[in-house]
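The ATP binding site annotation in TrEMBL covers Lys17, Ser177, Asp178, Ser220, Gly221, Gly222, Met223, Ala224, Ser225, Lys226. Annotated substrate binding site per TrEMBL: Ser57, Asp145, Asn157, in sequence order. Per TrEMBL, domain 'PUA' is recorded for 284-366.
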Amino acid sequence: MNGNEFDPENCPFLVVKIGSALLVNPDGSVRREWLEKLVAELGQRHRAGQQIIIVSSGAIALGSRKLGFEKGGRATLSEAQASASVGQIILSSLWAELLASEGIIAAQMLLTLNDLENRRSYLNISATFRRLRRNHVVPVVNENDSVTTQEIRFGDNDRLAARVAQAAGADGVVLLSDIDGLYDRHPAHPDAEIIAEVPKVDGEIEAMADDGGPSSGMGSGGMASKLEAARIANMAGISLAIISGIEDSPLTRFAKGGPGTWFHPQEEQSARKVWLGGLLSGDGQIFLDDGAVRALRDGNSLLAVGVVLIKGEFQRGDVVDILDKDGVIVARGLAEYKSADAQRIIGKNSDEIEAILGHSPRSSLVHRDHMAML
Ligand SMILES: Nc1ncnc2c1ncn2[C@@H]1O[C@H](COP(=O)(O)OP(=O)(O)O)[C@@H](O)[C@H]1O
Ligand SMILES: N[C@@H](CCC(=O)OP(=O)(O)O)C(=O)O
């Protein structure tokens, strides 16, 4: 290891995400030679005892070629879904064949956003990953594109990879891309410089993603979704690195000090908080004044007195987004009141609530033990 404190070669349980642009040529054919070399590297790590999950994009790119769709199959949702269902069967047999050539049993897991946002199915998925791990099986994961809707989909595999790492209890995530890391501005800019390490994904880092600029045109997430993936993984105490998969042996290259961006894991939170923080959105939104935002940041529960507005309908125990008055999300948590009651106590002090609702008040609107700061 040389400078990179995240060593994807030796981390015990690793999620490797492979972007469409690496797997599929612009004409829609598979980059088989490249893939064989990558699988040989993964096979070597697997034999050395590393557990691996592969998150593989490429179904839409592969399927759209077969179907003769334009714009890589992404012109409409229905073309993307048809492409994905045709491409996925090609992708799965490819992975099964190549992993078998390394003596590895492959498993297929096609997941939707809903599957991971619902805590019950999230826990089931988690159990399946744990069981597969015990048998040294390598799961190959993709979004189940053909059943998702526009509103309820990841649409990119970066965030999916981070959520999978959380659910499986992995130690690290590597996003293999056609770019070798995060640059301080669009990499096509002559002064762009690569950032080697990111201690925490904050607003300044997020501003570096410039997905309006030129790209391969095949991937869908861009840099913004990679940064969101880093935030989700890091919050769960998981390291994440963006490295280029273009040249051979990308994991070894990075481990030996090659280029890439390493996003540091944050201190691990409780399993429930990690799940909450990794959700893409809540059932309702609670907007706060500045004082309440400060109180939350100091580790306090959310009281009704600091709330200025509530949107959406939710029941007690549902997930709510907590935002500042400018609409920037600051936390996510489980509501102690249903929305109809919460609306009636906006801005009220705790000692006024009993008279308004006619029953003894709960200690807070969202308790700090059921809240993840974002
Ligand atoms: N600050 C940045 N640093 C690096 N790449 C960036 C940045 N802003 C935007 N990008 C774009 O993000 C692209 C990588 O995302 P994407 O094409 O979705 O990759 P993949 O298919 O591997 O998921 C880069 O090729 C680049 O065009
Ligand atoms: N689920 C999609 C992948 C989405 C996607 O394009 O992701 P990426 O190339 O990683 O930005 C597919 O298999 O085509």
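Cβ coordinates are placed from backbone N, Cα and C, and glycine is handled just like the others.
Unlike curated records, TrEMBL annotations are generated automatically.
Recorded features from TrEMBL, shown on the structure.
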residue : record                 : Cβ neighbours (10 Å)
Lys17   : ATP binding site       : 31
Ser57   : substrate binding site : 29
Asp145  : substrate binding site : 25
Asn157  : substrate binding site : 27
Asp178  : ATP binding site       : 15
Gly221  : ATP binding site       : 24
Met223  : ATP binding site       : 24
Ser225  : ATP binding site       : 23
Minimum Cα separation from Gly221 (ATP binding site), reported as the residue among binding-site residues Ser57, Asp145, Asn157 that achieves it: Asn157
Cα-Cα distance maximum in Å, computed over every pair in Ser57, Asp145, Asn157 that the record assigns to substrate: 11
Distance, Asn157 (substrate binding site) to Asp178 (ATP binding site) (CA atoms, angstrom): 14
Integer Cα-Cα distance in angstrom, Asp145 (substrate binding site) to Lys17 (ATP binding site): 16
Candidate binding-site residues Lys17, Met223, Ser225, pick with smallest Cα gap to Ser57 (substrate binding site): Lys17
Binding-site residues whose CB lies under 6 angstroms from ligand 1, from Lys17, Asp145, Asn157, Asp178, Met223, Ser225: Asp178, Met223
Listed binding-site residues with Cβ under 6 Å from ligand 2, out of Lys17, Met223, Ser225: none
Asn157 (substrate binding site) and Ser225 (ATP binding site), Cα-Cα, nearest whole angstrom: 8
The domain 'PUA' (284-366) [mean pLDDT, rounded to integer]: 91
Rounded Cα-Cα span from Asn157 (substrate binding site) to Lys17 (ATP binding site), Å: 7
Where Asn157 (substrate binding site) falls in three-state DSSP terms: helix
Per-state residue totals over the domain 'PUA' (284-366) - DSSP helix, strand, coil: 25 helix, 24 strand, 34 coil
Spatial separation of Asn157 (substrate binding site) from Met223 (ATP binding site) - C-alpha basis, Å: 12
